[in-house]
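Enquirer: What follows is a structure written as structure tokens; I'll ask about it next.
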Amino acid sequence: MILGIGTDLANIERIEGTLERFGDRFRNRVFTDREQARAERMPEPAAVYAKRWAAKEACSKALGTGLRMGIAWKDMSVRNLRTGQPVMEVTGWARERLDQMTPDGYGAVIHVTLTDDHPWAQAMVVIEALTPEEAELRPDLGPAARRTMS
């Protein structure tokens, strides 16, 4: 069952300007150390940051709150599997909100997709609730260790 859907579009040039203007103050407020390390080793860091910005916005919308009600930027984090597939991880109040919206007996899976085509970066997040039996039938979710199951 679908619990939430969120999407966001970010302007890479706007994120680049914010990075130039505020530097580490902006990076450290919005992005985890892991997200910063990935962005800084890429040829176009601003595009990587913009995709992660959009993913956090999309995730907050899928959680049904937007960036309010106590959800902090760093409560949502994007990492990549070895295959390059992005994975959304939630902690803090974002995790609490996810647990609140997940029905008893179900686990939540957060699906995220990212893309960019200069000057735009886009993210879409779908939060799905699965029973343990349904999760076992879904090899596309990968190993249980990478799932955001409640």
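Placement of Cβ uses the backbone N, Cα and C atoms for every residue, glycine included.
Here the structure is a predicted model, which means the values were calculated and not measured.
The annotation Mg(2+) binding site is assigned in Swiss-Prot to Asp8, Glu57 on the grounds of sequence analysis.
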Enquirer: Which chain-mates of Asp8 (Mg(2+) binding site) that are at least 6 residues away have a CB under 8 A from its CB, listed by sequence?
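Expert: In sequence order, Trp53, Ala54, Ala55, Glu57, Ala58, Lys61, Gln122, Ala123 meet the Cβ cut-off.
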Enquirer: Within 10 Å of the Cβ of Glu57 (Mg(2+) binding site), how many other Cβ atoms can you find? Include all protein chains, please.
Expert: 21
Enquirer: DSSP on Glu57 (Mg(2+) binding site), three-state: which is it?
Expert: helix
